[in-house]
Amino acid sequence: MTNLHIREDTCLQGNHYNGEHFIARITSIPVLFIVSALGSFFPLVALHCKFIRLPSWLFFVTRYFGSGVIIATGFIHLMAESSQSLNNECLGGVFNRYPMTEGICLMSVFFIFFFDIIAHKKVHERAKLKDKSIQEETIEVDSKDEVLSDKVSQDSTLESQPKPINHRNSENIYQQILNCVVLECGIVLHSVFVGLSLTIAGDEFVTLYIAIGFHQFFEGLGLGSRFATTYWPKGKGHVPWLMCLAYSLTTPTAAGIGLGVRNSYPVGSRTSLITTGVFDALCAGVLIYNSIAELMAYDFMYSNEFADKSMKTLLSGFFFLSFGAFAMALIGRWA
């Protein structure tokens, strides 16, 4: 008869909270909101407020610096944190025999790619139908004008015929909006665990507090600059403001929840490690895919952003992209 042995759970059932710096933990909630809001709202406010006269080169710098920040977030912060959770020896079983972080991240990349190609196809068809209806309305107006006019020559009639409308512009607009939404979802979901981990941290709280403050500001700057440089159709102008607000509120809200459960939340438990690790890996896949496909490949090679610009401008964009990635990767040493 086969004897079944229940494996002993060796994962930490408590957390590292030590009761120190309690006032600082409380102040971290409004501070995280302020730095997150400053980073995310600044590009939008600077763009829409007339009394803030910022040169165009500053938007250029923040756009590509912010893109670099988002790229590093996926690789350094999310992938590393997921590996730390899912590679914990106390999990045992398949978690110690298979690279779960990389596997889940790979699945996430393919899922978001599938979602992207379906959405891209739908956006393409929608833009094509919309431009076709505009073209038909133009033809109808021209035909009415032709009936009312008694002296229209054949040449002028040919010249008045509407030219085919290129639907690429409207298609690209919807694609950029979709990318903004996907980036927002990936970063906001990750921010929940960032805020939760801060207020229940132990001896490393002070270092983590400072690092996460910079992390939130740079990440918000990356999102905000992307929102500010995206064209939002009529009636959708409030959307980027709401997304910046959602980003600004997520981390401090999670920090407040963490403070409330500081004595009971088992951050090192088996369930917590698996949950945090899986969600970090999923978010990493989302950010890595969007970073490479949109923030790097599309912006630098497939869009018209640098088509008519000098090599100096192109290299400047690459420099600020790299510098943003470097800055966020450096913060990964502490957070």
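For all residues, glycine too, the Cβ spot is worked out from N, Cα and C.
Whatever TrEMBL says is automated annotation, not expert-curated.
Residues or ranges marked as region 'Disordered' in TrEMBL: 145-165.
Residues or ranges marked as transmembrane segment by TrEMBL: 22-45 (among others). Residues 52, 59, 62, 195, 198-199, 205-206, 209, 212-213, 216-225, 227-229, 240-241, 244-245, 247-249, 251-252, 255-256, 259, 262 of the same chain, all 6+ positions outside the transmembrane segment (22-45), place their C-beta atoms under 8 angstroms from a C-beta of that stretch.
Here the transmembrane segment (57-80) has long-range neighbours at 43, 46-47, 101, 105, 183, 186-187, 190, 215, 218-219, 221-226, 228-229, 280-281, 283-284, 286-288, 290-292, 295-296, 299, 316-318, 320-329, 332, 335, meaning same-chain residues at least 6 beyond its ends whose C-beta is under 8 angstroms from one of its own. Among the features that TrEMBL reports, transmembrane segment is placed at 57-80 (among others).
Annotation source TrEMBL lists transmembrane segment at 100-119 (among others).
Sequence annotations record features per position, and here TrEMBL assigns transmembrane segment to 177-200 (among others).
For the transmembrane segment (206-227), the list of distant contacts is 21, 24, 28, 31-32, 35-44, 59, 62-63, 65-70, 73, 77, 180, 183-184, 187, 191, 194, 197-198, 240, 243-244, 247-248, 251, 324, 327-328, 331, 333-335: same-chain residues at least six beyond its ends, Cβ to Cβ under 8 Å. Look at TrEMBL and you will find 206-227 (among others) tagged as transmembrane segment.
Annotation comment: TrEMBL describes 239-261 (among others) as transmembrane segment. Beyond its flanks by at least six residues, the transmembrane segment (239-261) meets 25-26, 28-30, 32-33, 36-37, 40-41, 44, 177, 180-181, 184, 187-188, 191-200, 212, 216, 219-220, 223-224, 227-228, 230, 232 of its own chain at Cβ-Cβ distances under 8 Å.
Away from its own ends, the transmembrane segment (273-292) comes close to residues 11, 67, 70-71, 73-75, 78-79, 81-86, 88, 90-91, 95, 100-101, 104-109, 111-113, 116, 179, 182-183, 185-187, 189-190, 193 of its chain (Cβ-Cβ under 8 Å, at least six residues beyond either end). Residues or ranges marked as transmembrane segment by TrEMBL: 273-292 (among others).
Per TrEMBL, the feature transmembrane segment maps to 313-334 (among others).
Within the chain carrying the transmembrane segment (313-334), a Cβ under 8 angstroms from the stretch's Cβ atoms is held by residues 60-61, 64-69, 71-73, 75-77, 80, 207-208, 210-211, 214-215, 218-219, 222, 295-296, 299-300, 305-306, all 6 or more beyond its ends.
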